[in-house]
């Protein structure tokens with residue numbers, strides 16, 4: 001006990017020492033953070049590192065890798081366009097590199113392609129390779145192709161991004177995104193007495209559940225995959241398809257799927273039914289998800305009438321006396337008028353359909369708000385004018401032509417359509433087409449004042465299978481990638497949409513910046529009135545109060561000018577920070593690409609050492625000083641209550657005092673008179 005008592009400090013000294021130690025620890029934690037910190041799922045940057053003009057890194061610990069998706073550069077993401085960027089080669093071994101942080105992908109792909117002999121075209125994923133887990137749309141394609149090579153590579157030299165692994169080849173049955181690997185060079189941490197805690201290794205999941213969104217699957221069938229001319233079919237169900245021959249978005253495919261299933265334009269036999277789209281049908285429908293460099297508004301087309309028409313029937317009999325039928329149909333437009341408008345970014349996720357019997361509304365079960373996808377595909381075919389659906393939440397009118405009879409009437413009137421055990425597999429097939437008029441509906445819009453009836457709600461029939469699947473985060477079995485949106489990855493570098501600074505209400509409360517300049521005549525009048533007895537001091541007060549109003553107006557104007565200047569400086573600081581950040585990222589990417597030749601400086605020499613200086617702290621200090629001097633200080637009361645009483649209020653205390661003295665003298669005289 002005696003030994004322990006020797007180590008104890010007095011209470012007051014212990015408090016001072018502990019307070020000093022805590023201050024040092026907090027200061028160390030606040031100011032010793034490196035440039036980039038990979039925590040959980042977001043690459044957060046706390047300071048900008050100075051550009052190092054060297055042909056090699058001082059330490060590999062300074063290098064952090066980030067996976068960036070190609071769709072952020074505006075490449076086409078639909079299946080027909082994406083497959084043209086992939087090709088097969090032989091004799092080149094695959095390469096796999098790891099990365100630590102990445103973006104959320106808008107479009108991912110999943111391929112299962114077979115050769116004509118039934119063998120697999122793509123290799124299975126090696127151990128440890130998991131699918132890219134953060135995809136809004138997964139385009140799952142199956143089919144056949146020649147596959148002239150051992151592996152499928154990217155023709156542009158990009159990577160195929162998986163879960164924290166980037167490979168040069170495509171693996172079978174695994175979700176992947178197209179992208180590149182960029183490298184950030186972080187500041188080397190300083191060695192101090194009290195070291196900050198080590199950076200936590202990036203976890204393979206995202207703790208922030210609010211950043212989740214559902215993953216939707218779209219299924220395709222591809223013929224002649226990997227060749228110059230291939231055919232891509234969007235799968236509605238096992239026997240109903242849509243030929244994709246033009247730019248399209250996932251939102252368009254969702255709406256087309258809902259429309260076909262609502263009107264039961266499905267194959268009711270074992271044969272295939274392939275719908276084609278007219279040349280002028282607008283398949284570029286929907287909004288971009290989060291890429292700010294892409295369009296955020298799209299045309300809205302209202303009042304369309306769609307028609308489903310059977311074109312041809314092909315029958316081929318095989319050795320087993322069974323026939324394989326492929327029926328082709330065309331989706332065309334019979335609208336007489338077209339209206340274009342701009343759609344807000346947050347449109348409701350549903351497709352409204354007008355039919356002659358009344359308004360019906362079909363919820364789009366697999367679409368979410370704010371979807372945006374890049375599009376680009378092959379050449380267009382067919383010949384009739386058409387325009388498909390508007391964007392989410394828009395109305396369209398649908399009518400069908402072709403047979404002129406319902407399916408029940410066709411079956412009852414045509415003996416060839418009557419099913420029998422002997423002829424069921426060889427009968428001529430006509431798709432089931434409901435009869436609707438082609439006249440324009442006169443039903444007022446649902447939200448218009450003239451609408452008197454409530455629109456019934458129709459849902460997709462339960463017995464209809466759909467190729468559009470939605471997987472929610474809690475149902476997913478794969479672990480997450482250290483991913484985030486574009487604003488999450490480089491947010492603190494200046495790329496995130498920051499909320500605007502709240503303007504101090506005290507600075508703009510009742511502040512009037514309008515100045516009143518006193519003229520020479522007003523000054524002479526005030527000076528002349530000042531010589532009048534008993535009235536002069538009041539006139540001087542009026543003149544002085546006018547000067548004070550002018551002074552307050554000057555202060556108010558300066559405060560507003562300081563506020564606007566501060567906002568302009570903040571925008572300028574953000575722009576320069578973004579530009580400097582992009583410069584550093586591009587420089588590091590160039591150094592990585594030229595590393596085999598010694599780096600950029602080895603090639604350019606001294607010209608490469610152009611350092612983009614970081615003046616962030618200097619500008620921030622000036623902004624804070626302006627805010628402290630002009631904006632955060634409270635304003636005096638600026639009530640505009642000028643009246644005849646203004647200017648005389650300062651004489652009230654003096655008048656009260658004089659009146660009190662006079663009353664005291666009178667009272668004293670009265671007392672003396674009474675006593676005498």
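Along the chain as shown, the residues are counted starting at 1.
Cβ atoms are placed via backbone N, Cα and C, with glycine included.
The coiled coil annotation in Swiss-Prot covers 554-595 (among others).
Here Swiss-Prot flags 615-634 (among others) as coiled coil, drawing on sequence analysis.
Marked as compositional bias 'Basic and acidic residues' by Swiss-Prot: 330-344.
Annotation comment: Swiss-Prot describes 40 (among others) as N-linked glycosylation site, evidence class sequence analysis.
Annotation comment: Swiss-Prot describes 204 (among others) as N-linked glycosylation site.
Taken from Swiss-Prot, the feature N-linked glycosylation site applies to 208 (among others).
Here Swiss-Prot flags 238 (among others) as N-linked glycosylation site.
When other Cβ atoms within 10 Å of the Cβ of residue 257 (N-linked glycosylation site) are tallied across all protein chains shown, the result is 25. Mapped onto three states, the DSSP output places residue 257 (N-linked glycosylation site) in helix. Feature annotation from Swiss-Prot assigns N-linked glycosylation site to 257 (among others).
Residues or ranges marked as N-linked glycosylation site in Swiss-Prot: 268 (among others). Packing around residue 268 (N-linked glycosylation site) is summarised by its Cβ count: 14 other Cβ atoms lie within 10 angstroms of its Cβ, all protein chains included.
Annotation source Swiss-Prot lists N-linked glycosylation site at 296 (among others), citing sequence analysis.
As annotated by Swiss-Prot, N-linked glycosylation site applies to 314 (among others).
The feature N-linked glycosylation site is assigned by Swiss-Prot to 366 (among others).
Under the heading N-linked glycosylation site, Swiss-Prot lists 463 (among others).
Positions annotated as N-linked glycosylation site by Swiss-Prot: 563 (among others). All protein chains included, residue 563 (N-linked glycosylation site) registers 19 other Cβ atoms within 10 Å of its own Cβ.
The secondary structure of residue 618 (N-linked glycosylation site), as reduced to three states from DSSP, is helical. Neighbour count (other Cβ atoms within 10 Å of the Cβ, all protein chains): 11 for residue 618 (N-linked glycosylation site). The N-linked glycosylation site feature in Swiss-Prot is assigned to 618 (among others); the stated evidence is sequence analysis.
The region 'Receptor-binding' annotation in Swiss-Prot covers 54-201, and the record cites similarity to another entry as its basis.
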Outside the topological domain 'Cytoplasmic' (672-676), six or more residues from its ends: residues with CB under 8 Å to it: none
DSSP residue counts for the region 'Receptor-binding' (54-201), split into helix, strand and coil: 12 helix, 59 strand, 77 coil
Local Cβ density at residue 170 (site 'Involved in receptor recognition and/or post-binding events') - other Cβ atoms counted within 10 Å: 23
Residue 238 (N-linked glycosylation site) in three-state DSSP notation: coil
Alpha-carbon spacing, residue 257 (N-linked glycosylation site) to residue 238 (N-linked glycosylation site), which is rounded to whole Å: 13
The topological domain 'Cytoplasmic' (672-676) - residue tally per DSSP class, helix then strand then coil: 4 helix, 0 strand, 1 coil
Candidate recorded positions 88, 170, 268, 618, pick with smallest Cα gap to residue 563 (N-linked glycosylation site): 618
Entry from the recorded positions list 88, 238 having the most other CB atoms no farther than 10 A: 88
Spatial neighbour of residue 170 (site 'Involved in receptor recognition and/or post-binding events') that is closest, considering only the recorded positions 88, 238, 268, 618 and their CA atoms: 88
